[in-house]
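Chemist: Encoded as structure tokens, here's the structure I'll be asking about.
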Amino acid sequence: MSRAQLTRTGILRMALGGGGGADPLLPAEGGGGRQAPFLLRALRIAVVVCLYWFTSIAMVFLNKYLLDSPSLRLDAPLFVTFFQCALTAALCLGLSLGAACGPPCAGLPTLRLDPKVSRSVLPLSAVFIGMVTSNNLCLKHVGVAFYNVGRSLTTVFNVLLSYLLLKQTTSLYALLACGVIIGGFWLGVDQEGAEGTLSWTGIFFGILASLCVSLNAIYTKKVLPVVDGSIWRLTFYNNVNACVLFFPLMMLLGEFRTLYHFDKLGSPSFWGMMTLGGVFGFAIGYVTGLQIKFTSPLTHNVSGTAKACAQTVLAVIYFEETKSFLWWTSNLMVLGGSFAYTWVKGLEMRKVQEDPNVKSGERNETGV
């Protein structure tokens with residue numbers, strides 16, 4: 001998925017959009033009852049889309065503040081990521097404990113830590129750590145306006161890994177859309193260099209984040225049966241494993257020493273922002289699921305493309321940046337290529353569903 005969000009979104013988006021059981025916190029599809037009036041349905045969809053946009057954009061700006069704010073001056077990106085993982089695990093556990101109280105949490109499974117299951121989820125957790133860490137490190141080293149372009153190669157890696165690991169081919173039109181994305185990425189890198197704002201460290205972590213998001217989707221599908229297809233169990237185990245694995249990494253990179261000398265460690269406002277960032281990181285998975293439930297995976301990806309465009313414009317305005325025509329062209333190429341790929345894959349999936357003679361291998365091809 002070409003616009004996977006920060007932190008836990010890769011897992012939740014993949015699972016909610018592609019199987020693995022219903023989410024007990026989300027409204028059931030269908031239901032067999034009388035359909036709501038058109039105006040009410042349209043209003044509900046508009047509210048859900050606006051909620052998704054607000055949550056996603058706010059989360060990126062909050063993380064940018066925590067990772068690279070001149071007023072905060074906290075050089076501990078792994079700690080920020082660790083805290084968000086710990087908060088996610090705590091929220092999952094808290095919602096599970098609240099299931100006994102009835103709606104809206106009545107359908108949540110009871111969570112308990114099983115070492116055997118935890119070991120089975122460990123390979124996914126390693127990829128998950130790579131994904132959330134490289135996402136945050138990319139955001140730390142590049143501006144919010146360039147963030148979407150910096151990690152725009154997820155779609156390209158989806159196609160590449162589908163061929164290398166799953167032996168699935170991709171249509172010519174989808175490959176052309178990937179070519180537009182790659183062209184926009186390189187043009188964006190060139191324009192960032194021309195403006196003197198290019199960070200090769202940020203580019204490296206953006207490419208790594210794109211690769212990890214693709215791997216995360218593949219490993220999620222493999223690991224879901226271990227947790228009986230439960231998204232919440234997988235999220236809980238994944239984040240608990242990540243918290244354990246982050247400790248030696250933080251020690252190796254000297255982040256405990258950085259925290260010891262951090263002058264705002266006792267500041268309530270700092271911990272308030274940390275908690276708010278973690279809550280938004282957790283909430284994005286839920287609102288992503290809501291948007292998919294009330295619209296469709298195709299519409300969700302189109303909404304994500306439009307959201308990325310709005311996020312770029314807001315970042316340029318907020319940080320009072322001036323960008324060249326070619327810089328904006330690179331963004332439009334990435335967004336246009338992503339939209340075209342989504343549209344092509346949507347048409348291909350519809351054709352597969354309508355044609356009963358399509359081979360089973362083609363039915364399993366990675367969708368939008």
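Even glycines carry a Cβ here, placed using N, Cα and C.
Caution: TrEMBL annotation is automatic and unverified by curators.
As annotated in TrEMBL:
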DOMAIN    44-341  domain 'Sugar phosphate transporter'
TRANSMEM  42-66  transmembrane segment
TRANSMEM  78-100  transmembrane segment
TRANSMEM  121-139  transmembrane segment
TRANSMEM  145-165  transmembrane segment
TRANSMEM  172-189  transmembrane segment
TRANSMEM  201-219  transmembrane segment
TRANSMEM  231-250  transmembrane segment
TRANSMEM  270-290  transmembrane segment
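Please go over these features one by one and say how buried each is and what sits next to it.
Modeler: Long-range contacts of the transmembrane segment (42-66) within the same chain, counting only residues at least 6 positions beyond its ends with a Cβ under 8 Å from a Cβ of the stretch, are 5-7, 36, 72, 74, 80, 136, 139-140, 144, 147, 273-274, 276-277, 280-281, 283-284, 287-288, 290-291, 294-295, 303-304, 307, 310-311, 314-315, 318.
Residues of the same chain lying 6 or more positions beyond the ends of the transmembrane segment (78-100) and with a Cβ under 8 Å from any Cβ of it are 7-8, 25, 63, 66-67, 106-111, 132-133, 136, 232, 235-236, 239-240, 242-243, 246-247, 249-250, 253, 255, 258-259, 274-275, 277-279, 281-282.
Panel annotation: around the transmembrane segment (121-139), residues 6-8, 10-11, 60, 63-64, 67-68, 77-78, 80-81, 84-85, 147, 150-151, 201-202, 205-206, 208-209, 212-213, 215-216, 219-220, 222-223, 226-227, 234, 237-238, 241-242, 245-246, 249 of the same chain, lying at least six beyond its termini, place a Cβ under 8 Å from a Cβ of the stretch.
With a threshold of 8 Å between CB atoms, the same-chain residues lying at least 6 positions outside the transmembrane segment (201-219) that come near it are 1, 4, 10-11, 14, 123-124, 127-128, 130-131, 134-135, 137-138, 140-142, 146-147, 150-154, 156-158, 160-161, 165-166, 189.
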